[in-house]
Amino acid sequence: MLPLLTAKQIRDADAYTIAKEPISSVDLMERASKAFVGWFVNHFQDKQQSITVYCGTGNNGGDGLAIARILGEHGFKNLTVKVIRFSDKASNDFKTNLERLQATDVKITEINKGETDFNQQADIIIDALLGSGLNKPLAGDYKNLVEYLNKLDTTVVAVDVPTGFYTDAEIPKDATILKTDITITFQQPKINFLLPESGPYIDCCEVVKIGLSEEFIHAVDTPYYLVEREDIRKILKPRKRFSNKGTYGHALIIAGKDETMGAALLASSACAHAGAGLTTACIPQSGLIALNSSMPEVMALIRKDEELPAIAWDKFSSIGIGPGLGKSTDTLQLLNDIIEHYKKPVVIDADAVNLLADNKQLLNELPTGSILTPHMKEFDRLFGQHENWWQRAQKAKAKAEELAIYIVLKNDYTIIATPAGKLYFNSTGNPAMATGGMGDILTGIITSLLAQHYTPEQACLAGIYIHGKAGDELALPNRLNVVLPQQVANQLPATMAKLIA
Ligand SMILES: NC(=O)C1=CN([C@@H]2O[C@H](COP(=O)(O)OP(=O)(O)OC[C@H]3O[C@@H](n4cnc5c(N)ncnc54)[C@H](O)[C@@H]3O)[C@@H](O)[C@H]2O)[C@@H](O)CC1
Ligand SMILES: Nc1ncnc2c1ncn2[C@@H]1O[C@H](COP(=O)(O)OP(=O)(O)O)[C@@H](O)[C@H]1O
Ligand SMILES: [K+]
């Protein structure tokens, strides 16, 4: 797990690295600037292109000055630096780097307070105005400049953080923030980069390591973590010699109605493909032929008038309920029955989440460790309207702790809120997966992993990771625009095998 640090914690990591390594702060700035340029020159290979580096007078500006000098050393000749003197203060490392730059032939100009004639001409803008030091919304001269730059059709590459972007707080609705094509950020993604509010400002984010102390980073007290491949490798267990279907549990998927039977089929298919020893789909009669012809591996338990047939609850090692279920009074009764009889964690998705939203008292009765998998709208129906994802993430954290459940808030970087107050961000998945039924696949996978005796936390972490990873394996190498849910289900065995290998 990569702990994700706030701007303040990154400053502390900086200070710790400087003292512990030891390295001077200006040398650390040099290292960061070289890391930036290393990525930049690989991506922008035409050295004739004109580049303007906008430098504030703090450390982000200091980086910009060093970057301009190093780009010059790489043979970029068409370079201009604009030093933005909107503040009377300047950091020491900014001053040192200004002197170093003045000793080169890079052209340096200044923009002073109150100036409005910015006259931007270059092919590429490097944004080193403000970085993680932002402490209030942009106003006055900064706001004017950023609004001006946002109107241009020029490629913008930000150093560390787009100017005006809050890395770890609610982003005010009317904030002025620089729109960047690429943000090359230092050491690790910033928390808000993983939330949809960053979409308009960061088209693409690249992380370059700058050698901050790993020891410090891993000891930091933070609720925010990025899930990495290695974490999932440690969770997933290979199938054993002499094992049989009984070893891998029996999952029950309660889903589907006449018009949305596909959801039940997709969830059941994913459940079987993710390795449950046995999968039973509890569906209405109308789905039986479809189930038997499309998924002969899956058994059926027929629901009549949304009444559960007599169920030997102990027979099932896990239950997932919700995909395509509808929300009639009968389905509410079904959910009530499960909550009453089944004492192990339950996976609750889609219409079953909506039933909970309409009957909130049931939230307090869910088996401990149950897993809710709402998308944004379902989440808001459950826990109230939220203005942004920062609020949603904080609410998920509070509710997961309060109700002792896992809340999987589905998104580009799906967030898993845990009863222990952690927020894990998933790192796999891609927009080709934004198609109806993809969530049903996720429900099937998590239910399958629970059946195989993974803990609810492991089932969430691994389930969401492999769901996105299967989608990545299909979409990325083939540059597919769209990946369909059934393809993801079919890909799961290969994805899991690669992770376990
Ligand atoms: N560990 C790291 O991540 C490293 C960070 N470095 C750079 O240091 C940057 C942070 O530098 P600083 O802390 O000097 O801060 P910035 O350079 O981001 O900002 C400079 C100053 O501007 C002022 N300011 C904040 N919000 C403002 C607003 N809305 N309008 C006008 N002025 C405002 C603040 O007083 C702030 O200290 C990082 O983004 C990165 O580029 C690198 O130099 C080296 C290592
Ligand atoms: N842009 C994206 N990047 C990564 N994953 C995505 C993206 N869009 C959708 N997904 C994944 O697809 C699933 C969609 O779930 P959901 O909205 O419940 O779909 P449905 O209800 O149609 O089954 C989620 O797991 C989500 O994380
Ligand atoms: K910046």
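Glycine is treated like the rest: Cβ placed from N, Cα and C.
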Per TrEMBL, K410, N411, D412, Y413, T414 bind AMP; matching candidate in G384, G439, G444: G439
Same-site residue for K(+) (record: TrEMBL; known: N60, D127; options: T96, T154, T155, T163): T163
Any further residue of that chain within 8 Å (Cβ to the Cβ centroid of N60, D127, T163) of the recorded K(+) site: Y54, G56, G61, G64, A128, L129, L130, G131, A158, V159, D160, V161, P162, L178
Those binding-site residues in N59, N60, N135, Y142, D412 whose CB falls under 6 A of ligand 1, listed in sequence order: N59, N60, N135, Y142
Binding-site residues: N135, T163 - member with fewest neighbouring CB atoms within 10 Å: N135
Distance-selected binding-site residues near ligand 3 (C-beta under 6 Å), from N60, G62, D127, N135, T163, G439: N60, D127, T163
Cβ-Cβ neighbours of N59 ((6S)-NADPHX binding site) (radius 10 Å): 26
